[in-house]
Amino acid sequence: MPNPSLLILPGDGIGPEVMAEVRKVIDWFGTHKDVSFDVTEDLVGGAAYDAHGVPLHDDTMAMAQKVDAVLLGAVGGPKYDELDFSVKPERGLLRLRKEMDLFANLRPAQCFDALADFSSLKTEIVSGLDIMIVRELTSGIYFGEPRGIMDDNEGGRVGINTQRYTTSEIRRVARSAFELAKKRNNRVCSMEKANVMESGILWREEVQWVHDNEYPEVELSHMYADAGAMQLVRKPKQFDVIVTDNLFGDLLSDAAAMLTGSLGMLPSASLGAPMANGRPKAMYEPVHGSAPDIAGEGKANPIACILSFAMALRYSFDMPQHADIVEGAVEAVLAQGIRTADLLGEEGKSPVTTSEMGDAIIAALGTS
Ligand code: NAI
Ligand code: MG
């Protein structure tokens, strides 16, 4: 087997700072576990614009299509705010998502015990929480036609958006969810509003079809999305993998993320169709942006980016035990009370820098 290939795109602002800490983890695997990755590094966002006049070079796009996984830091910043829309840093990210056709957005909500009191919910409700929300990303009401603001022919106006899902769009994201469930705890809960939306009826039928025909061994349940929202804050640990459409997924994944605390802790992945080697097209990235308010100050929390790499280990490289090691090191460091500034509520405690947090994680890895 060739080494897994990884394209690293640090991007702008704190992107390069947090990515430098991921590099330490990658190097640690090479030295201590004899696990090597074929890593290529390139530019995206404002950094690519500065070098090439475009937020993503064609050669970078071609490389992204070839590798087993892309790991992206963050793009954007005030320096680029005045740029023409077509070359804005975000366009680089959108081009990657679109041309790789990344239709399944994975947002874990995982609660590290040491941060359980950071949650807005009671500790016992969130401690040990580990759920995964799979949001359909490329279709649904954000894309459906017709759309627009039109005259209603009665002297007023009407705003229209259309929820539209095809059988194949539903089936492919359902497959992503079932595949994930097989790597986790074999449970999927699908959420829609089949009680009031025809697209929801089709969603429910097609998810059930994929289950019955392709993944009968995975446990499947269905829930109305509004009931799901209630259950998510009432008893979140009842869930493992949740699969839902673009709109409901947008809301549910943001709500679930906040069960567990800081933006600096949240990883994500976007997956597409399986490639020839069976691995899905994949891009991993922290949920946070380029944080221009703290960029260059060594204050950024690198954990979201390091956990994004751990997701790549688990879901692209089939190295779940290595993903466990990384997540275990993060847990250990947090348990020791080591905190970047974003994880410190009150004054008086002294935060560690980005690089010190990375070093602490490497030290914790050293004992695993
Ligand atoms: P942001 O996520 O960059 O920052 C929001 C707040 O969270 C800031 O106070 C920031 O300091 C803090 N924060 C974020 N990540 C952190 C980390 N790892 N450690 C510690 N603190 C952290 O969102 P914002 O300020 O709305 O956007 C800033 C720039 O980033 C904009 O140009 C925006 O377009 C871009 N952006 C890029 C994204 C991406 O690359 N995927 C996503 C969101 C925003
Ligand atoms: Mg959102």
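In case you wondered, yes, glycine gets a Cβ from its N, Cα and C as well.
Straight from TrEMBL, the features:
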type	residues	note
DOMAIN	5-361	domain 'Isopropylmalate dehydrogenase-like'
BINDING	77-90, 289-301	NAD(+) binding site
BINDING	ARG97, ARG107, ARG135, ASP226	substrate binding site
SITE	TYR142	site 'Important for catalysis'
SITE	LYS193	site 'Important for catalysis'
BINDING	ASP226, ASP250, ASP254	Mg(2+) binding site
The one of GLY77, PRO89 whose CB sees the fewest other CB atoms within 10 Å, among these binding-site residues: GLY77
Close-lying binding-site residues around ligand 2 among PHE85, PRO89, ASP250, ASP254, where CB distance stays under 6 Å: ASP250, ASP254
Distance [Cα-Cα, Å, rounded] between TYR142 (site 'Important for catalysis') and ALA291 (NAD(+) binding site): 26
Where the C-beta lies under 6 angstroms from ligand 1, the matching binding-site residues among GLY77, ASP81, PHE85, ARG135, ALA291, ALA295: GLY77, ALA291
Confidence summary (mean pLDDT) of the domain 'Isopropylmalate dehydrogenase-like' (5-361): 95
Most crowded position, judged by CB atoms within 10 A, among ASP81, ASP226, ASP250, ASP254 as binding-site residues: ASP250
Which of PHE85, TYR142, the listed recorded positions, has fewest other Cβ atoms within 10 Å: PHE85
Rounded to the nearest Å - Cα separation of ASP250 (Mg(2+) binding site) and ARG135 (substrate binding site): 7
Least Cβ-crowded entry, counting other Cβ within 10 Å, from the recorded positions listed as ARG97, ARG107, ARG135, LYS193, LYS299: ARG97
Cβ neighbour count within 10 Å of ALA291 (NAD(+) binding site): 23
Within 10 angstroms of ARG107 (substrate binding site), Cα basis - recorded positions out of ASP81, PHE85, LYS193, ASP254, ALA291, ALA295: ASP254
Candidate recorded positions LYS193, ASP226, ASP254, pick with smallest Cα gap to PHE85 (NAD(+) binding site): ASP254
For GLY77 (NAD(+) binding site), the three-state class that DSSP assigns: coil
